[in-house]
């Protein structure tokens, strides 16, 4: 009975949402007309209260100000100017545009053209007159309402209106983009009217016009609040019943009028009144429609495709060849590119594809069929290079907000190169200028000729170089609107730039003074020689950093077997080659069992260091040469850092994606200063929290408690029929022990203590969203990062981000269930040390289980996901027959796409938490991680099982646990036998 009644209940609620939104739209549409005199009186009272009593104004000045800021007077003036402008537009079309076109047709093509031209032009004007008329109305009404509109908003909303501080260029670009979409949407409405089914075509046309007029009248309010056009269109689609009703009167006027001139008159009269209604509207109190109305999506998609494809196609014909090559090489050039373009490379190297000449890590290579790159030949601090650092690979960086596209980046790169060539005329040793992007910083590396340029112009000295570098950085930072840093190095000649192999780089750089011909030195013979000497054993690793000859101190890491006299044998090698040791350290090796790693700093010449390497490799199992900058260059198979102890969570708990009162412009609390200050208060609590501290108790305001009451009251009625069995078992315990009730928001510390007594889980305050890797790492230690702030009071049943309602009503109850707690921790343990790709898949599994998971109990679907248990609308939607339901299989779930701004179209069902835990554990074996981790609850730390010693310890612990279980079973059997 319960499961069969839920779809009907959801349908009834959906119908109520539609009816409520439609009624609210009609009500707010006529608000401007009904409250016109009342708003006018309140504006005059507000203006009088803001006057400075100390300033003595004359009666005439006060009267002029009153007339200027009068709402009714402004509307009358707007009517007058609308009539003038629209009348002139009709006269211009009928008396000037149409006669000129007809005369031109008769003059050049003959009278028969007029018979076809007049109906076509007249039809186009009748079909598309709304858009230019409304554009003119927007301009006229903006200048008319710019003084009094602020006062209307203040007296109606009881708050100051604030913009987003956008630059005028972005505002104009957004307005132009909006006009293009509105024009296309209007054409879409006209096409919908041509459908051969009369009733359907007229209804579709009416719906299009209702939404279009609503978009017109709300444009003044939304643009002042900083909402971009796409956000406005999405908001209208998700609240379409309200905006359908709001634009219905204006749509009916233009739809039912027999002549477009009469429609223009009616529209010019209603338009200013509807702007006033839009300024007074309370649309933030609406419910989202269960099913959005995507009428604007075709127009938005087509305009976006046009703006992405057409400019690139048009400009590609004018783009110079250098820029085209830059785009093909992903804006990452090497010094070999210039010689490649002009055919100066030897014939064997011209056959090398461009992808094989890209930048690489500072690592030796045995491949002598290609020239090494500029990045391989220079220090990292000289070129600003970092391993796996690509211009397009910056989406995962903390604080990344700049979106990269090929067109914008290529034009920025071209501008940078042009400016630098002009700033350093005839000084560049190579036309190649390496440009790399790191977050909001652009690093530019270039080589300057030193000797030749200074010989021809002695006035160019170091101070001049420093001035030009600072000037170029400042100019580029202003043009790019971000930080630009120049990494400059001076060289003697272009001979230093391109080499056949690493050995050529050594020989060339060491013989610049002797090789006056400019030819490259020949490569060394021997396939096994990579610059460290001949005969290196397979499997030994070594990183080479160029410029070894110029270093005064070199560091070497080597591993020795654990035996008596091992270190003394290595020291004899250093003594034999007369290499002085400045520093030496040792530690147990993590690479090779029963070995020790030694790091030594040598103060000697490079030739002596290179000579001792073969002897050192003969007695050691691992050798690595280090120099400045190489410590940051990890090997290819490096493991990302992850916390080992629970206190390590303090290191990233505050690295959130947003902080404090930083809200998006479409957030309901964006313009509420009190709410933003409150958010900052909660953020400071989380920022100052450390592991082991008591979570501060918060005194919530009455308004926040009312918001909690609305959410709590709606959800509690659905839990018995929609939530899973485990949730309904724990929730009454939370009401008894943690203060879960309508008039009280539970404290995080009380809930954390309760969960810790049940399953060992604890809550930790956080100021906002964490990255997927950091959030999942907390689950490995049975720590859940929870927010303390609450959603904005204007929309209590909707929040664009997690809040305390979502955390305490959705997540916290099930963390008291042992099976669910173990399942959540299993996901966290699987994320430790995993690659970014696997983290993304694991986060998707988390999304479809812990956030939006379903389970099968007693033959019916039940919800256990926190996103469902904290959402009144989606909790009913997920158990209806509308979404698709699939079985939970991690390999399939991990690649499923999901929306974040609407109800989920697909849900995954698990038979039990125990089964889900087993599947996640099996799936984590596919992560490619070269070790296994284990959580130690006694020390609250994670143990990495990658040695025999650690594995034996786990076996001993398991045997002890099994013996304890065996003893308990024997005693239980004895009790049953006695009974």
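Cβ atoms here come from the backbone N, Cα and C positions, even for glycine.
Worth saying up front: this structure is predicted, and the values here are computed from it rather than measured.
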Note to self: Need the matching range: TrEMBL marks transmembrane segment on one of 6-27, 28-49, 50-71, 116-137, and I'd like to know which.
What the structure shows: 116-137
Check: Considering the Fe cation binding residues 806, 811 given in TrEMBL, which of 826, 837, 851 is annotated for that site as well?
Finding: 851
Margin query: Labelled region 'Disordered' by TrEMBL, one stretch among 483-508, 509-534, 535-560, 561-586. Can you tell me which?
Written below: 509-534
Item checked: Stated TrEMBL location of transmembrane segment, expressed as one of 178-199, 266-287, 288-309 -> 266-287
Notebook entry, point to check: For the Fe cation site given as 806, 811, 851, which other residues of the same chain have their Cβ within 8 Å of the site's Cβ centre?
Noted result: 802, 807, 810, 850, 865, 866, 867, 869, 870
Next item on the list: According to DSSP, folded down to helix, strand and coil, what is residue 851 (Fe cation binding site)?
Entry: helix
Notebook entry, point to check: How many other Cβ atoms are found within 10 Å of the Cβ atom of residue 806 (Fe cation binding site), counting all protein chains shown?
Noted result: 23
Check: CB neighbours of residue 811 (Fe cation binding site) within 10 A?
Finding: 23
Next item on the list: Please report the number of other Cβ atoms within 10 Å of the Cβ of residue 851 (Fe cation binding site).
Entry: 20
Notebook entry, point to check: According to DSSP, does residue 811 (Fe cation binding site) fall in a helix, a strand, or coil?
Noted result: helix
Next item on the list: According to DSSP, folded down to helix, strand and coil, what is residue 806 (Fe cation binding site)?
Entry: helix
